[in-house]
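Per Swiss-Prot, the features are as follows:
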TOPO_DOM  1-7  topological domain 'Extracellular'
TRANSMEM  8-28  transmembrane segment
TOPO_DOM  29-964  topological domain 'Cytoplasmic'
DOMAIN    72-116  domain 'LEM'
MOD_RES   267  phosphoserine
MOD_RES   276  phosphoserine
REPEAT    420-449  repeat 'ANK'
MOD_RES   504  phosphoserine
MOD_RES   520  phosphoserine
MOD_RES   536  phosphoserine
REGION    667-705  region 'Disordered'
COMPBIAS  667-693  compositional bias 'Polar residues'
MOD_RES   676  phosphoserine
MOD_RES   916  phosphoserine
REGION    919-947  region 'Disordered'
COMPBIAS  919-930  compositional bias 'Low complexity'
MOD_RES   940  phosphoserine
């Protein structure tokens, strides 16, 4: 038992020793911490009586230079009104002060004050004021601690606002209000366990307006949905599909919102008394900017856009329909989809629609990856069509539509994917798709040197995924990436050619050819006639020098060609050089109305279509000529004698069964003018002047037949002037047969109608199909009345480019032709002489019925072309016909008569359609989208070639202005 008592005593002593050591250790640690605190903050032990001296040692005096951090800390203590005043006093521009913009204005103001030597105005709070306030409220925090806390708040505010200025999610409105109006520092520092005592104000009454869908909001829902309870507003939003709600301080504003009047109204915060003056200013101001120079962007009403009826396509449709059509190159299916719903291409915020999630590919990524150059071209053409963008935004003006077009096209061309940051140009170069590279690199908005995730440009990844591509293809891709340059040939009205400077669609500075721009009204108007390209810059410059100064071996030949053929000699030289070097070449042909290389497959197809159309016109002319004889007989029979002529005129002027005397009939007949021999001037002025009076019929010589059974008025006229034995009746007493007055009036109206049709030739020269139908129908009517000769009608049916003088000659021929009802007999020509004997197998030429220099020029352009009779039968027949003439005869062929000035391509080449069938940006209709075909041949003029240069230079200029 003794040993047990000893053990208890020992354990008790040991416990007391441990307890004493612990207390001593705690005391030592407390003293050490106390000493550390005193050494860190020697001013902590100061009293309230020593406040002025202590604060004077820390606070900055007026005129004292401060650091950037201290300046920012002091500016953080200002309320928005004081901060705005300081910014304005510093000579800086100030806008709305929010949680996002406050740090920007504070930083600008601090920099401005530091540059001015740190001179602070009296409105800025001193450190002494802050310190005094803190000690009055019994806080233990020092000005240095306040500076640290304010600096930390500034850093937190900067971190919180990061990204909002570059388009990321904005902060909540409650956060905006709380940061703009911070709680006073004195109210947040209490010595009751260092807890902030903040008194919240009572929330004002809010009204929640619920706005239904814009189109049918006032139809389906007659009542105006305004609620005072937020739960009721949320319940109404659930019941009304597609609606939205917003809180307002007044009932009137909520009712406006519920009616669909979406003017900008700031959402009320929980404490309306602390709203910033920028937010509380009037919404509209007729006086312009305020006196303090604030920007009133937020006070302006938001542009009301009418919502379109297109819904976002389902993910299944984007994958199974749109993406599959792009991958397979189904242009018609792709075009039908995007025109039926433009949201297949344009997503929310005018961003490209994503067709493959994960990698976030759009249509251009997929098309570039699958080598679908035609889909890439069709996508760009559709997006650049204002009518397509108008489907999404029907109320936008043209300027806004163009800005939207530039924005969406730039995104489609230069948006990287999510995985490797590869643009469509990266994909095209990576897989060696040279046609896609050609389409993309030729656009003026393309960025040719973007870097992907691994820091590589498109040039660095050429054929990275296709190792079996040839070296020539790799070089072509590199040349396309260098730029698309063209060597243009320009001509003035006097046909003097000029080889212009290099042209490119993405030129950044001066115009393409500054040497031929008109600096004076006396300078000739230069128009584009041919060009070579696209080429790399070095090749384009070398070809330009070679074209201007041919090689010594061929200098004599080329010089003789240029001198002997001033109209198209330099084109022949450039064509031969381009074909020899394998460069793309196109020239303008007036009879086709487009730029094309006739030796290419595309040029042969265009020529084949033109010749087939011309053969059809000649065949129709021949059929009209065969029927002209009987039609002329009918007209001449009406005017074969004065007896029947008078009968016709009398019957024409008798309307009903009213009683009329014979003398009145004779007087009316004498007042009808007969057609005299017209002239070209009288015919051209027939719209304003009346026809001249001709010979009057002698009523005394007219023997009017009376047939009471065949005529209501007692007068009749025979329907056929032939006798029983088939012979034609002759003129009475050997006098000339005069046409009936009714026929004369009909002919005058036919002439006026035909002249109006001829005038339309100059208004719409490119609408050949519609105009042909009108002219052909009118021409048949004129031939039936015996007014025009078939040769004159054929000239109007022809699809060639017409001049004013040519149409005037055609009109004169129609009125003075040998088949005219009056002049045909005077000239002694028999009816149907001109075209009744026309040969249906008449030889075919490009201009008119006789060979001309145009046939020789086209033959020279086809010198190196291989013409397949099975594919191009009309071209083969035409070439055989032309080759049937000897070279000396072909040299003597005259040039086509062009007595007037051209009214087509010489005015503006931007309106000409490309020979590849691509329409202009505004060439399609939303109801009938044009299905274009892309030609990847070297001899096809690109969409971004000099033929469309003015349009795409304007596009590039607008893009550069928008980037500024």
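Glycine is treated like the rest: Cβ placed from N, Cα and C.
For the modified residues 504, 536, the ranking by surrounding Cβ atoms (within 10 Å, all protein chains) places 504 first.
Counting residues of the domain 'LEM' (72-116) by DSSP class, helix then strand then coil, yields 28 helix, 0 strand, 17 coil. Across the topological domain 'Cytoplasmic' (29-964), mean pLDDT in this model comes to 66. Across the structure, residue 536 (phosphoserine) and residue 504 (phosphoserine) are spaced 10 Å apart at their Cα atoms. In three-state terms derived from DSSP, residue 536 (phosphoserine) belongs to neither a helical nor a strand segment and is classed as coil. According to DSSP, residue 504 (phosphoserine) sits within a strand segment.
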